[in-house]
Amino acid sequence: IRCSRQTCVLLSGNLENNINTYPPFPGKEKHLLRAQIARISAATHISPADFFQPNEDGEEAIANPEYEPLSPSELADSSLENWVHHSMFILPQGRTKSAPALKPESSSHGEDEEEDEEEEEEEEVGPPLLHPIAEDDDLDDGTPAWCVKQSPNGTVLVSSNYWPGAYAIATEERWWNVYIGWGQKQLSGEAYRPINLHPPVADQFDDSEEACREVDDPSHEEEEAWLAAHAELNADVADDENGDGSEESEEEDDEDDR
């Protein structure tokens with residue numbers, strides 16, 4: 001799910017296809033499809049207020065036996081206070097419930113456990129179950145997260161602007177959630193930019209006059225001094241090369257004599 005948030009590709013219909021994208025997606029098209037279904041369901045499964053109620057743990061929505069159906073005019077109210085999310089919110093870590101923090105192993109120096117508890121990261125917490133869709137954040141360009149319309153026959157249509165193609169349809173007695181789309185989240189008119197880009201280009205060297213200055217050519221006296229200092233070394237190298245050559249010639253003569 002975390003990787004699918006950084007992926008923007010259209011599904012081909014072949015579940016065994018590889019996903020060629022950057023950042024790399026660690027799976028096939030069937031895994032991307034399942035991740036997108038989870039994201040769309042968590043964000044767009046909505047129901048009339050009071051139709052569901054949380055269970056004892058507050059982690060699952062169950063039917064409310066005392067529910068009284070709302071009228072179409074109430075469901076079509078532009079405030080959207082009469083519609084709520086009945087699916088758990090997906091946290092940034094890709095889970096609906098925060099993963100338990102890994103406790104570091106106790107050190108041999110006998111450090112206090114209280115210090116370890118202070119260093120533990122705070123758990124991620126999302127919106128509560130059955131929170132109104134009116135509390136959803138607007139898109140980056142200011143577009144509301146939801147819009148509602150009512151047909152002349154009383155049918156109410158609530159559409160998601162975050163996930164184009166996600167709708168909630170309601171009449172006086174029944175309601176449905178449906179999605180007919182490309183499996184892509186709205187980009188608010190901006191070009192798609194993945195979170196993890198290529199590593200930055202290495203910095204160029206400092207080409208200022210102080211940091212990059214051409215070395216001055218040596219004077220005639222400096223060249224003569226350098227040649228004199230290296231004359232003896234050059235002579236030794238030449239002698240070694242001549243010595244090796246004489247030894248090789250002597251070995252060749254010995255072989256010829258044999």
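Glycine too: its Cβ is placed from the backbone N, Cα and C atoms.
Because TrEMBL annotations are produced automatically, they should be read as predictions rather than curated entries.
As recorded in TrEMBL, the features of this protein are as follows:
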- 111-125: compositional bias 'Acidic residues' (COMPBIAS)
- 226-235: compositional bias 'Low complexity' (COMPBIAS)
- 237-258: compositional bias 'Acidic residues' (COMPBIAS)
- 95-144: region 'Disordered' (REGION)
- 202-258: region 'Disordered' (REGION)
Cβ contacts under 8 Å made by the compositional bias 'Low complexity' (226-235) with residues that lie 6+ beyond its boundaries:
218
Count up the helix, strand and coil residues in the compositional bias 'Low complexity' (226-235) according to DSSP, in that order.
10 helix, 0 strand, 0 coil
